[in-house]
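*Asks:* Once you've had a glance at the structure underneath, I'll fire off some questions.
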Amino acid sequence: MRLGSAILGLLLLQGYSSQPTTTQTSQEILQKSSQVSLVSNQPVTPRSSTMDKQSLSLPDLMSFQPQKHTLGPGTGTPERSSSSSSSSSSRRGEASLDATPSPETTSLQTKKMTILLTILPTPTSESVLTVAAFGVISFIVILVVVVIILVSVVSLRFKCRKNKESEDPQKPGSSGLSESCSTANGEKDSITLISMRNINVNNSKGSMSAEKIL
């Protein structure tokens with residue numbers, strides 16, 4: 001019995017000690033939630049210096065949407081999402097301003113083009129005629145040179161043929177060869193005649209000896 005009463009007393013003491021801690025934690029949670037609601041209700045206003053220096057373009061304003069504020073882990077303060085969105089939109093505005101040319105640059109470009117056109121000479125009818133005449137004269141000169149070269153080549157060939165024809169009958173070896181050929185032919189004829197005579201003589205002698213024997 002004494003043990004049971006002692007255990008009950010300890011349990012009661014532990015219950016009384018745990019009650020103030022739970023009340024303290026609940027009060028802290030309520031304070032934090034009230035702070036979060038106050039922060040979320042406050043409107044977010046961008047800095048005036050950034051808005052003055054950087055202008056937003058129409059498509060950026062149309063695409064701009066309010067973002068919800070999120071709480072950081074265990075800090076109770078909103079993250080800087082609005083500042084990042086404003087910086088990205090300002091960058092887009094700068095890019096659009098850079099892409100559109102200013103009137104000063106366009107006027108400078110037009111002035112440069114006019115100066116270049118005034119410096120460059122415009123082609124006139126006289127210059128065109130001189131160029132055409134020069135081209136025709138050069139073409140005629142080239143044709144004359146080609147004709148002269150062809151005539152000289154043909155004349156040289158004709159002269160070479162004439163020289164060859166004139167040199168062929170006047171060769172010293174050709175006359176000697178013709179004479180030797182004629183003498184050789186005559187000797188052959190004489191040899192054949194002599195041999196025929198000898199044969200006839202021999203035949204006549206043989207016939208005479210045969211008659212004597214008979």
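Yeah, the Cβs are placed from backbone N, Cα and C, and that goes for glycine too.
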*Asks:* Consult Swiss-Prot and report the residue, out of S18, S178, S207, annotated as phosphoserine.
*Replies:* S207
*Asks:* Of S96, S180, S204, which does Swiss-Prot mark as phosphoserine?
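*Replies:* Swiss-Prot annotates phosphoserine at S204; the rest carry no such entry.
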*Asks:* The topological domain 'Cytoplasmic' (152-214): mean pLDDT?
*Replies:* 66
